[in-house]
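J.: Sharing the feature lines straight out of TrEMBL:
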- B:9-73: domain 'Transcription factor CBF/NF-Y/archaeal histone' (DOMAIN)
- B:92-123: compositional bias 'Basic and acidic residues' (COMPBIAS)
- B:92-148: region 'Disordered' (REGION)
- B:124-148: compositional bias 'Acidic residues' (COMPBIAS)
Amino acid sequence: MSLNNPDKAEQGSSSKKNISLPISRVRLIMKSSPNVSSINQDALFLTTKATELFVQHLALSAFSNGPGRETSTLSYSDLANAAEETETFHFLTDILPKKILARDYFKSLQQMQEEDADC
Amino acid sequence: MAERPEDLNLPNAVITRIIKEALPDGVNVSKEARRAISQAASVFVLYATSCANNFAMKAKRKTLNAGDVLAAMEEMEFERFLEPLREALEVYKKGQKGKKEVSEQKRKDKEKKAGSDNDKSREEEEEDDHMEEEEPPEEEAEEEEVEN
């Protein structure tokens with residue numbers, strides 16, 4: 001691991017240009033994807049950097065479009081809204097579902113069943 | 001390969017720091033929101049990898065390269081990332097090159113020392129160093145060509 005130490009020092013000194021997420025972890029996630037056999041160093045770096053940009057972009061757009069600007073908060077529902085409303089975040093709708101009350105869920109379930117019965 | 005599901009999470013502390021840096025000062029980010037962003041980031045990696053891999057497969061390549069990742073960003077409609085990514089890659093490559101030069105200088109110094117000690121050990125060292133040069137400079141790169 002001694003090889004990694006100079007890396008860390010470098011990242012600390014110029015955090016703006018370099019990356020702060022661990023490359024090894026990103027590689028692990030990438031490798032868990034089916035059919036991926038090998039990834040070159042530049043591709044790994046770019047994916048890590050892109051993930052950081054993505055985190056910033058998601059947080060900022062959820063915050064700016066959400067109601068939290070007055071209260072200075074970013075909440076889960078802001079993110080769920082962003083996933084639903086912004087096209088580039090659509091791929092997140094499965095893991096960022098909108099929360100609804102159980103009461104409302106049962107209501108809509110009932111409605112659906114009634115509609116089914118009508119057909 | 002990931003053995004535990006939590007291996008596929010990104011470190012919370014780092015994610016939190018990135019979020020804080022992106023938002024205006026003093027914004028409170030709920031714990032649930034942080035967890036959601038972290039999960040979203042993992043999904044983003046998988047999505048990008050899968051897109052990039054499609055490009056590599058189309059070109060009949062086994063190894064994902066920088067071009068594949070950039071093409072994936074375009075496909076995912078994250079064109080806004082392209083420019084900062086290219087810049088960051090440039091800086092990264094320069095850093096790698098600089099590191100190589102530094103280690104080369106160290107190697108030469110070492111060689112000089114060894115050479116003054118005795119000739120035989122110097123030859124051995126040269127051989128070792130030659131191998132080092134061909135290998136990518138980072139530990140991560142070692143598994144590059146290993147297939148799963």
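Cβ atoms here come from the backbone N, Cα and C positions, even for glycine.
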J.: Check the domain 'Transcription factor CBF/NF-Y/archaeal histone' (B:9-73) for me and report the mean pLDDT.
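T.: Mean pLDDT, the domain 'Transcription factor CBF/NF-Y/archaeal histone' (B:9-73): 95.
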J.: For the domain 'Transcription factor CBF/NF-Y/archaeal histone' (B:9-73), how many residues does DSSP put in helix, in strand and in coil?
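T.: With helix first, then strand, then coil, the domain 'Transcription factor CBF/NF-Y/archaeal histone' (B:9-73) has 47 helix, 4 strand, 14 coil.
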